[in-house]
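Database features (TrEMBL):
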- 1-23: signal peptide (SIGNAL)
- 275-297: transmembrane segment (TRANSMEM)
- 339-365: transmembrane segment (TRANSMEM)
- 371-390: transmembrane segment (TRANSMEM)
- 411-432: transmembrane segment (TRANSMEM)
- 444-467: transmembrane segment (TRANSMEM)
- 498-522: transmembrane segment (TRANSMEM)
- 528-555: transmembrane segment (TRANSMEM)
- 567-586: transmembrane segment (TRANSMEM)
- 598-626: transmembrane segment (TRANSMEM)
Amino acid sequence: GRCFHVAWIFFSLFYLFFLPSHCFYLPGVAPEDFKTGDPLLVKVNKITSTKTQLPYSYYSLPYCQPDHIVDSAENLGEVLRGDRIENSPYTVFIMRESRMCNVVCRKVLDKKAAKAFKEKIDDEYRVNMILDNLPLVVPIRRPDVENAVVYQHGFHVGLKGKYSGSKEEKHFINNHLAFTVKFHKDPLTETARIVGFEVKPFSVKHEYEGEWNTKTRLMTCDPHAKRAVTSSESPQEVEEKEIIFTYDVEFQESDIKWASRWDTYLLMADDQIHWFSIVNSLMIVLFLSAMVAMIMLRTLYRDISKYNQLETQEEAQEETGWKLVHGDVFRPPTNFDLLCVYVGTGVQFFGMILVTMIFALLGFLSPSNRGGLMTAMLLLWVFMGLFAGYSSARLYKMFKGANWKSITLKTAIKFPATVFAIFFVLNALIWGQKSSGAVPFGTMFALVLLWFGISVPLVFVGSYIGFKKPVKEDPVKTNKIPRQVPDQPWYLHPAFSILIGGILPFGAVFIELFFILTSIWLHQFYYIFGFLFIVFIILVVTCAEITVVLCYFQLCSEDYQWWWRSYLTSGSSALYLFLYAAFYFFTKLEITKLVSGMLYFGYMLIVSYAFFVLTGTIGFYACFWFTRLIYSSVKID
């Protein structure tokens, strides 16, 4: 059964990489059919800005409100992302019935309301809405390419501009929305499915005659006179005066099938860049693989042929360099308990990322499943605690440690506690800004419960199993007295070789990293999990190989302290990741607020820390396997 299972996974991966994915529905998201005349429910989501990175709920601005505001149930991932999905006052959406000039309400702004709108316009906030699980987009024509349209998420709250002949900058609000709902008709049943939700926002100073009441007809937008709003109208200023909010709904038939309705959102213009990045990374991998192969051949092959053909004395010296330290190479390092904790945490991370990616490849975590990625990663992290406990306990027992309970507790708590502390401070900052991105107390409690209720016990279970298993014997005996390490040349100095070791793993992933950062901080969709999976494999191979190569050089110069060094060699790529994040912040983002900057660097610190633990563990296990392999082939007299 197992072989079949593996074969099935390989087939699925092949299918996902090389066949177009237009033909299957996403699990967990079923299409909904609408008849003509069915009412449609438009929901409002958070308002967002790439300038401040602080989301707010829609009704934090003095927009028109429905009679009752109803929250839609959100999953854990959505809450952590700051999504707040509520019902909207846009109620005249009737399937396949276009309606012009619907008045939502008339608002008279006071000073506070006008100030709120102006602040959000200054910070370039966008309003997000949802219809039938599709986010609202604004189509924008690209001038450089014919018939090419880019979609932007949500429409701007308003814009700043000057009247001709005036120097003073004014704030204008987008108070008229022309919605377009695209539908795909089933020729047999006459029902239709929604495949697109677009809007063109306008700023219009509406005019009417007489006193305002519910039956007042607008002169600037009149369905009876077939007078529609165009961009030539005089715009609506944000001042302490009345604003009338209106909208049009138009229905258009479309050829897009329901299954591929997300494709327009996910169009990526830069596929070439991804292929370029992968080819570039493969070059690094090939170069390293050649080096590893050479080292393997030299060390193992020479050994098998019993060194009969040792040409010169010098070569004999170099070859035996690593053999001379055989009595010390498996001596437990200083602070070995901390090393066990970090290795356990890294295994937990590796498991989480691997399984998340496989799920994502199989289409379970598509963008239509809002918050799915976050939720999946959290739950997987919790359940991977089992492997964390197991691997840290196995290593600890190998180092002849006796106090397995303390090591287990540290494994279960050290990393999450650090992340939680940073997260808590950041959350307090967001909370101080009254943003909806702040995680509510209830959710915080749920996270702590997940951690102590499920993760910690699982780490203990894994640790217990790991500690019960017999330890593998070291291939060579360790001497009683530690051997002196000779003076090392400058290029084998720990600090230098550790910093060099991090460059290649970082180089292998940094182009993909650019896209991931863009999707997080510039609010674009990231969905190219196929590329990401290849890049992840390349990262694992690069980390393993660079560590093995540097570890070999180190042992050849009779320096046997490789345990921590192997972890830090590939782990140092996290330092480069953080520096790149800082570079990205100053070159690509327009963040000016102090709080937003602190948020950015706080979250990137968490990401870099996680990356350190992941890459360090990969390097450590590669080196561990390598030393056991080469020393097991040595015949010690």
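Including glycine, each Cβ sits where the backbone N, Cα and C put it.
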Restricting to the same chain and to residues at least six past its boundaries, which positions have a Cβ under 8 Å from a Cβ of the transmembrane segment (411-432)?
54, 340-341, 344-345, 385, 388-389, 392, 438-439, 444, 447, 451, 455-456, 459-460, 463, 595, 598-599, 602-603, 605-606, 609-610, 613
Could you check whether the transmembrane segment (275-297) and the transmembrane segment (598-626) come into contact, where contact means at least 3 Cβ pairs under 8 Å with the two residues of each pair 6 or more apart in sequence?
no
Between 339-365, 528-555, 567-586, 598-626, who has the most Cβ pairs under 8 Å to the transmembrane segment (498-522)?
567-586
Take the transmembrane segment (339-365) and find every residue of the same chain, 6 or more past its ends, with a Cβ under 8 Å from one of its Cβ atoms.
9, 12-13, 16, 21, 24, 26-28, 333, 372-373, 376-377, 380-381, 384-385, 387-393, 395-396, 399, 401, 407, 410-411, 414-415, 459, 529-530, 532-533, 536, 563-564, 567, 610, 613-614, 616-618, 620-621
